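J.: Swiss-Prot lists 12-20, Arg153, 157-159, 203-205 with the feature ATP binding site, giving similarity to another entry as the kind of evidence. Marked as Mg(2+) binding site by Swiss-Prot on the basis of similarity to another entry: Ser19, Asp38. Residues annotated as active site, proton acceptor in Swiss-Prot: Asp38. Annotation comment: Swiss-Prot describes Asp38, Asp39, Phe40, Tyr41, Trp56, Asp57, Arg154, Gly159, Tyr160 as substrate binding site, evidence class similarity to another entry.
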Amino acid sequence: MTRKTIIVGVSGASCSGKSTLCQLLHAIFEGSSLVHEDDFYKTDAEIPVKNGIADWDCQESLNLDAFLENLHYIRDHGVLPTHLRNRENKNVAPEALIEYADIIKEFKAPAIPTLEQHLVFVDGFMMYVNEDLINAFDIRLMLVTDFDTLKRRREARTGYITLEGFWQDPPHYFENYVWPGYVHGHSHLFVNGDVTGKLLDKRIQLSPSSKMSVRDNVQWAINSILNALQ
């Protein structure tokens, strides 16, 4: 019997912890799949340039049409397309799985029930920016944002591997590009456009606090998923 596929979005601003959370959920829920929106970045030459600087943190830096097509493929076929299966674990940071091995052990079956559904976890920073994308997910999780924490985490990163090279943020990149890009893509989801405030869109579940530990985020996400599947 073919299991029903449930697509679970895990979104949030850059450095909100969404990728770590997605990796841990993938490790906890046996038989699940993992998709990274980052795999849909455009080539380096296609990244929009604003004020002479490449803007990797705007919607236009991603091929969202291809991303949506792949989500529809997963919905229709119940499996990841070959090119995503081949990349499924390439963006996984093994150090995170080692660092949080105790959390995986705590929540892994039999601590949680074995599900009849095939869960596909999708992590990305621009996943709820329009209705077509929002509707592509069955469960929509979002990590709450905190400007100062995100800025500190982003500026602590050494850089990013791109399709064709390596990118390192220039000074003041977070406040001039990363944060404005996130606000532009998500303000429509929040009361008065305040992305640090309350959600207007009840289809999306927002984590209770930006101060939650990794374990608390995992607990919240698992509870949200299991409740949605009831």
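Just so you know, glycine gets a Cβ as well, placed from its N, Cα and C.
For each listed feature, how buried is it and what is near it?
T.: Sequence-distant contacts of Gly12 (ATP binding site), defined as residues of its own chain at least six apart whose C-beta falls under 8 angstroms from its C-beta, comprise Lys18, Phe125, Met142, Leu143, Val144, Thr145.
For the recorded site, Ser19 (Mg(2+) binding site), the DSSP three-state label reads helix.
Every protein chain considered, the tally of other Cβ atoms within 10 Å of the Cβ of Asp38 (Mg(2+) binding site) stands at 17.
The Cβ of Tyr160 (substrate binding site) lies under 8 Å from the Cβ of Trp56, Phe166, Trp167, Gln168, each of which sits 6+ residues away along the same chain. In the three-state DSSP scheme, Tyr160 (substrate binding site) is classed as strand.
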J.: Which state, by DSSP, holds Asp38 (Mg(2+) binding site): helix, strand or coil?
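T.: It is helical.
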J.: Which of the listed binding-site residues (Lys18, Arg157) has the least company, meaning the fewest other Cβ atoms within 10 Å of its Cβ?
T.: Arg157
J.: Going by C-alpha distance, which of the binding-site residues Ser19, Asp38, Phe40 is nearest to Arg157 (ATP binding site)?
T.: Ser19
